[in-house]
Structure formats: C-alpha cells, structure tokens
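K.L.:
Here it is, the structure, as structure tokens.
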Amino acid sequence: MSCNWGTELWDQFDNLEKHTSCGIDFLERYSKFLRERADIELSYAKQIRSLSKKYHPKRSREDESRYSWCLAFAATLRQLNELSVQREEFAENLNTQIVCELTRYTQEVKTERKNHFQDGRRAQQHIEGSWKQLESSKRRFERDCKEAERAQQVSDRIDLDNKTDGEKRCSLKARQTAQQKKQAAEESRKDYVTSLNQFNQDQHQHYHALVPVIYQRIQDMEERRIERVCEAMRSSAEAERKVLPASGRSLEVMMEAAEGIQPRMDARQVVEVYKSGFDPPGDVELEDYSASMRRSISESSYLDNRGEGQRPSRKLWPFIRKNKLLTLLSSPRQPPPPPPTSPSPGGVASSPQSPPTASREPITQRLNYLMTSGSRTRKQCLRSLKRGGSGPADCSHLPPEQRRKKLQSRMNNINQEIQREREQRDALLKMREVYERSPQMGDAGSLEPRLEEVKLSLQRLEEELRKHQAWFSEADSRLSENGSRRQSGGCGSNSQVTTPGSSSLKQLDNRSPASRESPDGSYTEDNSAELHFKSRSSEFDDDFDDEEPLPSIGTCKSLYPFQGQNEGTLSMVEGELLSVVEEDKGDGWTRVRRNLEEEGYVPTSYIKVFLESSAKGFVQSSRLV
C-alpha cells in the first residue's frame with residue numbers, strides 16, 4: 001500500500017491538520033513527562049543523600065569505626081551517596097540533553113507546520129476561487145442563452161402575423177433584439193469555455209502539483225517528529241542504562257561490605273580495645289580474728305602509715321562500692337594549709353596538719369549545700385567522661401595494655417615524622433649539591449639554616465623515640481610478667497591455703513606492682529605511698545553502699561607530703577599519683593581518689609593536676625551554673 005500523502009490523502013486536508021496538531025500535543029506532553037521525571041529523580045537523589053548524611057557515623061561514635069559491621073554500614077552509606085550522585089547525573093542529562101532539545105524542536109515543528117498549512121490553505125483558496133469563477137460564467141452563459149431563445153421566439157411569432165406596417169416594424173425590432181441576445185449568448189459561451197479551461201488547468205495543477213508537494217512536506221515533518229520522539233525515548237533509556245553499571249557496582253560493593261563482616265574479628269577487636277592487662281584478683285585470704293588487733297580511736301580516723309600494724313580494707317576492687325555521699329558531706333570547709341617552704345623527703349612525718357575539726361559544719365548544713373548550689377555539678381560529675389586527655393608523658397596513668405597500645409601508636413607516629421624529616425633532609429642535600437655544581441641556580445649557603453633545623457628536629461624525634469621505646473619495653477615486660485603469673489596462678493602462691501595465725505600483711509606488702517593497679521588506671525609502685533582509707537561505721541555505710549563511685553576527670557601528682565587527720569581528708573606522700581575526682585571549687589581543696597578504696601580532699605597547693613581534655617570544658621561549664 002502506498003504511503004504518499006499527496007496522492008492517497010489529496011482530499012483529507014482537514015484531517016491532516018487535526019492529526020499533525022495531535023502529534024505536536026503529544027510532543028509537548030512527552031517533554032513535560034521527562035521534565036517531571038527528572039524532578040522526581042532529583043528529589044529521590046536529595047532524599048537518599050539526606051538519609052546517608054543523617055546516618056553517617058558521628059565524631060562521638062568514631063570508636064566504632066574499627067568494627068567490621070560499622071565499616072560495612074559506613075560503606076553502604078557511601079555507596080548510597082554515590083547512587084544519589086548517579087541519579088542526579090541522570091536527571092541532569094534528561095533536563096539538558098533531552099527536555100531542552102525537545103522543547104526547542106517543538107517550537108520549530110509548530111512554525112514549520114504553520115507554514116505548510118498556510119501554503120495548503122492558499123492553494124485551497126485559489127482552486128475555490130477558480131471554481132467560483134467557473135460557476136459564475138456558467139450561470140451567465142445559461143441566462144444569456146435563455147434570453148436569446150425567448151427573443152428568437154418573440155421574433156418568429158411576429159413574423160408569422162404579416163399584418164400592418166406597424167407590426168412589420170415591431171417584427172424588425174424583435175429580430176434585432178433576438179440578434180443581440182444571441183451575440184451576448186455567444187460571448188457568455190466564450191467566457192464560460194475560458195473559465196472552464198482555466199478551472200481545469202488550476203484543478204490539475206492543484207491536485208497533481210501543489211497538493212502533493214505540500215502534503216509531502218507535511219508528511220516529512222510528521223515523520224521527523226516521530227523520529228525525534230523515538231530518539232528522545234532511546235536517549236532517556238540510554239542515559240538510565242549508563243547509570244545502571246555504576247549502580248550495579250555500588251550494589252556489589254554493598255554486598256562485599258556485608259560479606260566482609262567478621263563476628264570473630266569484631267570480638268577480638270573488643271578485647272584489643274578494652275583489655276586492661278590487670279591480673280584477676282587472687283584468692284581471699286583467711287583473716288584470723290583470734291590474733292590481737294589494734295582498734296582505731298574513732299570510726300572516722302585514718303591510718304598514717306603501714307607500720308602501725310593496721311591492715312587496709314580487704315575488699316577486692318571488682319566488688320568495691322564507695323560511699324560518695326559520705327565523702328561529700330565530710331569534705332573540709334576550712335582553708336587548706338599553705339605549702340611548706342621546702343619539701344621534706346621524710347614522708348608524712350613532717351607534713352603540715354590539716355584544718356582542725358572543731359569548726360566543721362554540721363552534716364545537715366553540708367547536705368543542704370550538696371542538694372542546692374553544687375547539686376548540678378555533682379550530678380554531671382557522675383556521667384562518664386571520655387578518656388584520652390592529657391596525662392603523664394609515659395602514659396603511666398593508663399592500664400598496662402592500654403598503655404602499651406598508646407605508646408605503640410605514638411612510636412608509629414614518631415617513625416612517620418622521622419621518615420618525613422629524613423626525606424626532607426635528603427631533598428635539601430640533593431638541592432645543595434645541585435647549587436654547588438651550578439651556582440647560577442641558587443645559593444647553597446641559603447639551605448644551611450633549613451638543614452640545621454631539620455637536623456635538630458631529627459635529633460629531637462629520635463630522642464623521643466628512644467624514650468618511648470624504653471617505656472614500651474617496660475610496659476611490655478610488665479605485661480609479660482602478668483601473663484606468666486596469670487598462667488601459673490593455679491599452682492602459685494594464690495592457691496596456697498593460709499593457716500590460722502599467718503599474717504596477711506606480709507603478702508599484701510610483697511605483691512607485685514601490677515597487682516596494686518586499680519581498674520581506673522591510677523596506681524603506684526611505691527609501697528610507702530599505699531595509705532588506705534579505713535572503713536567507716538557499717539550502719540552509715542550500709543545506707544549508701546549501692547552508689548557508684550564518681551568518674552575520674554584526671555590525675556594529679558603530690559608535690560609535698562600531707563597527713564590528713566580530719567574526717568574527709570586523705571593522707572599522701574611526696575611524688576604519689578592519685579586520681580582527681582572533683583576539681584577545686586575555690587575553697588583550696590581538691591577531691592582525689594586512691595585505688596577506688598580511699599577518697600578524700602587534699603590541699604590544691606600540694607598537688608599538680610593533669611585534667612583530661614574532655615573534662616576541662618565540663619568543669620568550666622559547671623562553674624557557670
């Protein structure tokens with residue numbers, strides 16, 4: 001079947017006009033469809049990006065990044081972000097490469113269609129005008145012929161009468177009129193024939209020349225429109241298909257991340273992160289109450305030293321419950337003693353006396369003070385604070401295992417800095433050689449200050465590395481001793497049964513330094529520094545025995561010996577390391593703790609405080625309350 005509109009649809013001008021109008025409407029609707037789809041893709045990409053950002057690991061939870069399940073989820077979020085980028089690119093391609101082109105082409109098609117149908121209407125008007133001219137000449141020829149026929153009939157009827165002279169004159173006039181009408185009819189016939197020939201020529205030209213050309217142009221325009229729609233659909237599908245491989249790769253990465261989750265390795269990471277290196281507590285020793293015991297003068301007194309024969313509390317540190325409220329109520333309210341002019345190496349014998357107890361405030365007044373002005377600060381102190389702040393350079397305030405890891409991390413960083421400095425030194429040496437061979441390129445002496453600076457930096461880093469290596473060796477040897485002692489614990493001294501009458505003080509004094517370490521990381525290796533807080537009356541302690549101890553906000557080192565003889569104070573010797581529980585609030589006293597068993601106040605001027613970085617801001621904010 002022929003598909004030539006000019007020959008097959010020569011009489012369907014109106015239908016072609018309607019059809020092409022519907023085609024342009026479809027083009028506009030398809031452009032609007034692509035635009036709305038691009039908007040949906042952009043909105044989807046924006047929501048995916050917001051979701052990925054919302055669940056991205058925060059800085060406060062960066063410690064979880066070492067676990068495989070956290071790493072897998074982080075990889076999934078990154079791939080989701082990549083997917084959002086790909087969907088944005090797809091939407092951008094739809095808008096710029098397809099929608100904009102279709103919009104421009106739609107305007108061109110509208111203009112072209114308008115021109116083609118204007119030409120068709122002009123041709124239609126021309127043939128219609130030729131037809132009207134033919135009809136007019138035909139009607140005029142018909143009319144003239146009828147009038148000439150009637151005039152001839154009148155003339156013939158008069159000639160048959162042949163009567164008077166007047167009648168003859170009328171017959172002559174009638175013949176003249178009939179002759180004139182006949183001539184007019186002949187003229188009309190000639191005009192009619194001319195109009196008929198012209199119309200036939202115009203009609204042939206219209207249906208065999210003008211209409212096929214115009215309709216062919218309209219057909220070509222319509223075919224180009226359909227091809228453009230096909231191209232737009234193909235381009236949109238191709239743009240989306242280009243995104244699919246990247247999306248597939250993202251999904252593959254997500255699958256690999258999910259398959260990379262290793263529960264056993266995560267469990268091992270938990271051990272690596274939280275292992276302290278302390279030895280488990282040994283067997284509880286038999287306490288022989290039949291032996292003679294020295295009783296304290298009052299239930300609020302403290303032991304001055306270990307030579308008095310009094311034993312410290314035998315609570316094991318995993319089961320210790322410290323009475324916080326009792327210490328808060330019994331904190332000293334008098335001004336602290338001034339530091340001595342010269343520190344005495346004699347220990348606590350020459351320490352100044354703590355403030356007298358006669359002017360202590362009653363417990364009710366201390367309770368009111370706790371529940372009013374300082375309540376918010378003390379409640380905030382109960383929250384867990386992040387560790388890792390400032391402390392001694394050798395990390396001795398940390399548990400053994402954590403100390404070893406911290407030192408190893410520092411050594412790695414120092415090695416990296418040393419490598420960078422060496423590379424910079426080598427580069428400067430090469431540059432100096434080049435300057436010496438080619439003086440016009442630069443002055444070799446200008447590099448000497450920088451070389452000297454790099455050399456000093458290398459010396460400093462190497463010295464720091466040696467120090468850290470020594471500390472690391474110490475921590476590693478201590479861990480090895482703890483491990484060997486833990487392995488032999490089943491057949492060692494901890495498994496031996498103490499007979500009645502044997503002294504437990506000797507075993508307490510002969511314990512290794514690691515066994516004296518407390519879980520919060522504050523411990524000492526000096527036997528003379530282990531002064532223990534005597535337990536208070538059991539009646540008052542049982543009421544508040546369930547409260548948890550306050551967290552440590554830092555460490556401190558005693559500069560002078562101090563003998564706390566009043567309730568609420570803590571004795572210490574020179575050079576002892578303690579944990580800071582509460583900073584000085586302006587009264588000259590700082591609350592400290594030793595081994596989670598002994599807690600009290602010491603003069604602020606007698607110690608040097610090392611607050612953790614996360615606790616400094618908390619303390620500053622709490623002072624504003």
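Even glycines carry a Cβ here, placed using N, Cα and C.
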K.L.:
Taking 109-133, 384-408, 409-433 as the choices, which stretch does TrEMBL tie to region 'Disordered'?
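P.N.:
Feature region 'Disordered' in TrEMBL: residues 384-408.
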K.L.:
Over the span of the domain 'REM-1' (397-474), count residues by DSSP class, listing helix, strand and coil in order.
P.N.:
72 helix, 0 strand, 6 coil
K.L.:
So what pLDDT does the domain 'REM-1' (397-474) average out to?
P.N.:
87
